[in-house]
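For P3, the entry in Swiss-Prot reads N-acetylproline, with the evidence type sequence analysis. The N6,N6,N6-trimethyllysine annotation in Swiss-Prot covers K14. Taken from Swiss-Prot, the feature substrate binding site covers N123, T173, K177, R295, H327, S379, and the record attributes it to sequence analysis. Summarising the annotation, Swiss-Prot assigns Mg(2+) binding site to K201, D203, E204. According to Swiss-Prot, the N6-carboxylysine annotation covers K201, on the basis of sequence analysis. Positions annotated as site 'Transition state stabilizer' by Swiss-Prot: K334.
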Amino acid sequence: MSPQTETKASVGFKAGVKDYKLTYYTPEYETKDTDILAAFRVTPQLGVPPEEAGAAVAAESSTGTWTTVWTDGLTSLDRYKGRCYHIEPVPGDPDQYICYVAYPLDLFEEGSVTNMFTSIVGNVFGFKALRALRLEDLRIPPAYVKTFQGPPHGIQVERDKLNKYGRPLLGCTIKPKLGLSAKNYGRACYECLRGGLDFTKDDENVNSQPFMRWRDRFVFCAEAIYKAQAETGEIKGHYLNATAGTCEEMIKRAVFAKELGVPIVMHDYLTGGFTANTTLSHYCRDNGLLLHIHRAMHAVIDRQKNHGMHFRVLAKALRMSGGDHIHSGTVVGKLEGEREITLGFVDLLRDDFIEKDRSRGIFFTQDWVSMPGVIPVASGGIHVWHMPALTEIFGDDSVLQFGGGTLGHPWGNAPGAAANRVALEACVQARNEGRDLAREGNEIIKAACKWSAELAAACEIWKEIKFDTFKAMDTL
């Protein structure tokens, strides 16, 4: 099929094209603790053997090119090349294979997710010999993890800053996401925070548009935060989206947020880019700001089962680049998210050490060597009837975010927020008493309705709303 290179200068230069597998398929290779390991789902073109396809991925994402070049003799390819060291068929699909590739750590710049992805998921994804290619998982070695700052603060520091423990946090995305004036936007934030939510949020595409410039929004939202805090005695926050067209403008917005004294800012990390995200994360740690991350554009990359990159890889990359929250799907809402897969990458976000578990899509054991964790955010098509399931699935270290499920309440924003707070506290109390939320959830919510008119009204309006018509695209 395609190229390859001799690995030792002593062999001498011999021009021509060789099969990749002659050099890059090494089933005898024993992986090192310092290697970055990748699991690719490979769909070769007809007639291309899986060994050649896996070797091609290893070559084109590391040191290889389409033909032998004389400059190979000026370095040690054995030291720097990627190696396809194991291939296994995908059960139920004879045309697909999981190819495992090991990359020497020296191929990557320290502390740069940008450089890591440029190599591993760069040009190789357009390679003609492959019909499709998907990066399913990465093992990041501790030696490389330690070159990253990671989240600005992490789960425990955030709880200490907010003085909130023993329950999930509650949020709300302000709707309509576009079109409100800054003052009306701030009013909606205030009503939600006063009603019992911990956070309100800019939607991902709220930046600085003609109908609402960023500085005006920041000021009115800060006013809403301080007024709600004074009335409730609780610390409140609003995710002020600092995403901008340049890194300089992004940091300017974060600086203004800090000057206002608010606790948290936000970034769209995929559309904004990993370099921008890491820059903002470093600023947030240095200046005491929490950082909420939205994953806008992720489904372009991760939704197709045979091509792209799984979200668990994007989640690991975010933990390295830096963020205190990230949207992770809901399992029960309107957006894509199969339960076991979601729980797999939720653990990768929060826990310090995660064992290999193929039943949840985790291909490698991952040791984060005490890097702070990231709080998963469940958001998208959820309402009070989902509260028992969300509490059971995500546990305490999560943010449950109800946009339409707050602002769509028949009595208004503050009653909508109150309904969510009552439902959450009822579920947490029931769980702490040993009740089974999965089995008794509806009864728990109905019982709470007896002493909360706001919750009763919310339950009535959304009693028929479900999003289980469509099956998840990405399954194990």
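Using N, Cα and C of the backbone, Cβ positions are placed for all residues, glycine too.
Feature map: annotations from Swiss-Prot on the structure.
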residue: N123; record: substrate binding site; Cβ contacts under 8 Å, 6 or more apart: E60
residue: T173; record: substrate binding site; Cβ contacts under 8 Å, 6 or more apart: T200, K201, D202, D203, S379, Q401, G403
residue: K177; record: substrate binding site; Cβ contacts under 8 Å, 6 or more apart: D203, N205, V206
residue: E204; record: Mg(2+) binding site; Cβ contacts under 8 Å, 6 or more apart: N241, T243, D268, T271, H294, A296
residue: R295; record: substrate binding site; Cβ contacts under 8 Å, 6 or more apart: Y269, L270, F311, L314, L318, I326, H327
For H327 (substrate binding site), the three-state class that DSSP assigns
strand
Substrate site span - longest C-alpha distance across N123, T173, K177, R295, H327, S379, in Å
37
Candidates K201, H327: member of the binding-site residues with the richest Cβ shell (10 Å)
K201
According to DSSP, collapsed to three classes, what secondary structure does D203 (Mg(2+) binding site) have?
coil
Using the CB centroid of K201, D203, E204 as the Mg(2+) site centre, which other residues of the same chain sit with their CB within 8 A?
T173, I174, K177, D202, N205, V206, Y239, N241, M266, H294
So, in DSSP terms, is S379 (substrate binding site) helix, strand, or coil?
strand
Site of maximum Cβ density within 10 Å, from binding-site residues D203, S379:
S379
